[in-house]
Amino acid sequence: MPAVLGFEGSANKIGVGVVRDGTVLANPRRTYVTAPGTGFLPGDTARHHRAVILDLLQEALAEAGLTSKDIDCIAFTKGPGMGAPLASVAVVARTVAQLWNKPLLGVNHCIGHIEMGRLITGAVNPTVLYVSGGNTQVISYSEHRYRIFGETIDIAVGNCLDRFARVLKISNDPSPGYNIEQMAKRGKKLVELPYTVKGMDVSFSGILSFIEDAAQRMLATGECTPEDLCFSLQETVFAMLVEITERAMAHCGSKEALIVGGVGCNLRLQEMMGTMCQERGAQLFATDERFCVDNGAMIAQAGWEMFQAGHRTPLKDSAITQRYRTDEVEVTWRD
């Protein structure tokens, strides 16, 4: 019954998780929060991660009721993500692996989300909608790869929402996306915004540029409220995501859809995806913020699968990479 310790820190969340044979034993997390109207810089984020990571490690072991002797493998996020935060966490993972004399595993962040989603929901072979601040992909498993059927051709949907939040100076606590979701519930008017779907791919830069340019003017003239803009942006970008996911499901003949990534916590997105799945006679799987948002347990779970399949990452190959596509990884642990 191997136990795997996972380190995640590819963006403004840092987490340390422990997983043993499909059971999450611990999953503490911290978030680097900046002032309204601002984003988070790589260097500042890395400093935050370095300041809290050892406390999180101790917290995870205590919560799991384990010691270093009980851990069989150390997993960490190899990429994709922001360079400085990734590097700061990878250094700790390598150090711990050497001090404890444990094997090391570099995990693809995207695959961590997928494997955690499969574990928590019980989805068998779903079409995956992976939506976060740095990634937007529609994925399906085939022949030992997670194949990307569609994706953003510019910025991620979460990045679009985060940057819009800066325009309205919406709070980043607990996250701009969550606060947009709450404001959208009070929106009453649907403002027409650019809708850009190109086959299986989507584009969010145009809708962001439009709303950045028009927001203050529309608010000043009383044409709409901030809540209306939040509502309109959500409805438009989520409709785009539902469209390309349905197209992928039709192509694959899939009867399961799984939403993963931080934006996947959004209940309105889950509602729209659920309606689409119901109309197709399919089933929707999603998790709550404990497992949708970046966390250490997802890296531990993917690491556990890789460890069981015989994967190891030599120290010389453990450098982080900011660009690490989902379909680069050979998924040897699935049939």
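In case you wondered, yes, glycine gets a Cβ from its N, Cα and C as well.
Feature annotations, reproduced from Swiss-Prot:
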{"type": "BINDING", "residues": "H109, H113, Y130, D294", "note": "divalent metal cation binding site"}
{"type": "BINDING", "residues": "Y130, V131, S132, G133, G134, D162, G177, E181, N266", "note": "substrate binding site"}
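H113 (divalent metal cation binding site) has its Cα within 10 Å of the Cα of none of the binding-site residues G134, G177, N266. Neighbour list (D294 (divalent metal cation binding site), Cβ cut-off 8 Å, at least 6 residues apart, same chain): E8, S10, A11, K13, G15, R29, H109, S132, G262. Within the same chain, residues at least six positions away from G134 (substrate binding site) with a Cβ under 8 Å of its Cβ are S10, A11, P80, G81, A156, G158, N159. Each residue contributes its Cα atom, and for G177 (substrate binding site) and Y130 (divalent metal cation binding site) those atoms are 15 Å apart. Sequence-distant neighbours of Y130 (divalent metal cation binding site) (same chain, 6+ residues apart, CB-CB distance under 8 A): C110, H113, I114, T136, Q137, V138, I139, V260, G261, G264, T326. Under DSSP, Y130 (divalent metal cation binding site) is assigned to a strand (E or B) in the three-state scheme.
In this structure, H109 (divalent metal cation binding site) is part of a helix by DSSP.
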